């Protein structure tokens, strides 16, 4: 089976700004692929190139097996798109927009439309100018999800939605996932969302893919967080290879450890006598911080272990991580 | 906290935002009458020459409609009369500026940002009015200074300048009221401009009627545009007319404040109603969407063109009567001009150019809707659907080409009907004036094509099509008087339209204009095909 999206060495400049700088991205057919990056990383530009709206300066892009620029209007029968910043026609009602976009794509599934309207709790009779940001987002989501298409391109689709609606969105995407015949490219800077939904993900920074793979595969590259309550002093722990950010709080030691150095470190802990131990894989947020912390950016300590704190931004990072981050 | 707290800061914000735009509309209107002073000085140096000029011009109804009544043959009277369209320009600028800083801000959501700070409820409205009225006052004083500097009496110059300022003030008030009515800035602009067009027509009809001894001369007093002329600069100034303007400004400001106090942020007097939950069966193509978006403006303009045609055509008959009972010199002038019918035709020809200008403005506006859709982010979801970019753009282009055509047909037919009923020759006048109006269409399409070409090739400069239109208007207006070379006036697109009705219908220029419009449109399509979308 061919890939739904296959992008290699994509370059796009706007004047002096290099929005994409050799981006590679592969989305396999049938998967939900997370496209993760901070604001301004080049996510929307990539989607616009995939839609044939913007032309790349260099590199190749294939969408559903065809050139997105040359195949532009015809290819769009097979996909639906939710832009990052949804604006509606002020004098058209939400229902009219949903129907118009659906019909342009070749038809609206009435039952599905009604179902989605109910689940997203959206009044389709309001005029475009009367909707709040979240409701405009819902209009675009319903229009996209009610269409029977192969590929969904979603650009930060939950921005402006309240947590309840985010949950509805996740449920709907999970249903799509179970059906298995739809591919979803989900751009986001919300870690929990990608963590909850995506089979594979690509992390993009400054127009380049810095990491791509399954969530499990990425974790493999990263450290494990360990919190231990020790009977005695753990001398020499700091000197072991692969141990980072060692600190003591209330008599407990907390540190990060490279996965391949886990064995010797656990041995040393056992020697000291373990009364309690918490270890867990890094949250996506931690991965994220590692990749998006730029040298020179304001570094501050952030609390680890908060996979659900979706609001964290790239500018907060542990001071100790800057060395790896600027690789 | 008073309702006006923070007005000063907001005025500074307006000045900062408009620091490039405001000097343009404040300074250019001051330069035009100065140019006329030197033109009249050079062209008509003696009192005799000026008297002869005035004797001919006073009977030209097109002049009376466009510039207002001519009160005498002194240099000051001639200059301020010839510059008589400036109050309309100033009023238009005032309406647009007030709406830009009130309703447009509110619609864009920026008013909310400001309103959440320590700013009084009426501060935004007050700041927009203060900045606009201040700019109009500066414009008036600068105009007065410029005319005084050019050697005209200071008193008359001041009366002229204050007349301009008053036109700006009153229409700033009109804009302020209009901004309270609708929840969209476009509707507010439309309402303000409708009042302006009505004021212009009232003044034109009243002045022509007064000149030909009709009983409708009083109409001009109902028009705030007429008040600037009623101050009679250089011809026994009537300062009390300023009081009339002041009363109007006070009443309009009070109404706007009262309306503003009654409504919610973002709301209008006319509340937005709920729309249909599902789209009508026809709403399934980009063209159908374009129809939805252009429908309102199109219908409003169709009505406007019809009224414009009826009024301008209705006046035509009285044009011939202007010379009745005139001096022997006037009768000679009439004979020289080719008799009464020719005089009416000469007037109608000028009015056709006016219709063409209005239609071109509409054409540019309709085509630029495309850019508004693009930069507003509304093009993207359509283009992400199976809609080719040319198909999307074509929908808007169609309205930019056909909308003005419909407007010209309606205006020409209405003018023909009105003039024909007055003269008793509907069967003759209707097709004649319809044809004359349609002769403007190729020139109008050049502007549509220009706007489209810019949208395709230089999207960020697309609004420059309005600047070319304004330059065309300016050239046609001052070009002849300033004795600029033929090639300069030839730059005005409308200079190439054959003078109809009455003149010869020469096809080649029309064919060239049509070809130019087609070429520009082609360039636009080419640009749209190849460039990135959307460009903000």
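Even glycines carry a Cβ here, placed using N, Cα and C.
Note that the structure is predicted; figures quoted are calculated from it, not measured.
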According to TrEMBL, which stretch among B:50-70, B:218-238, B:239-259 corresponds to the feature transmembrane segment?
B:239-259
Using a cut-off of under 8 Å between C-beta atoms, tell me which stretch among B:158-179, B:239-259, B:347-368, B:433-454 contacts the transmembrane segment (B:186-206) the most.
B:158-179
Would the transmembrane segment (B:123-146) count as touching the transmembrane segment (B:20-40), if touching means at least three Cβ pairs under 8 Å and pairs must be 6 or more apart in sequence?
yes
Looking only at residues six or more beyond either end of the transmembrane segment (B:433-454), which have a C-beta under 8 A from one in the stretch?
309, 313, 348-349, 352-353, 355-356, 359-360, 363-364, 366-368, 370, 393, 397, 400-401, 404-405, 408-409, 411-413, 415-416, 419, 461-462, 464-465, 468-469, 493-494, 496-498, 500-501, 505, 510-511, 513-514, 516-521, 523-525, 527
Which stretch from B:158-179, B:239-259, B:347-368, B:397-421, B:461-480 shares the most C-beta pairs under 8 Å with the transmembrane segment (B:79-102)?
B:158-179
Chain residues in Cβ proximity to the transmembrane segment (B:239-259) (below 8 Å; excluding those fewer than six residues from its ends, i.e. six or more beyond):
122, 125, 129, 133, 159, 162-163, 166-167, 169-170, 172-174, 176-177, 179-181, 224, 227, 230-231, 269
Find the member of B:20-40, B:158-179, B:298-319, B:347-368, B:461-480 that has more C-beta pairs under 8 Å to the transmembrane segment (B:397-421) than any other listed stretch.
B:298-319
Three or more CB pairs closer than 8 Å, sequence separation of 6 or more: does that hold for the transmembrane segment (B:20-40) against the transmembrane segment (B:461-480)?
yes
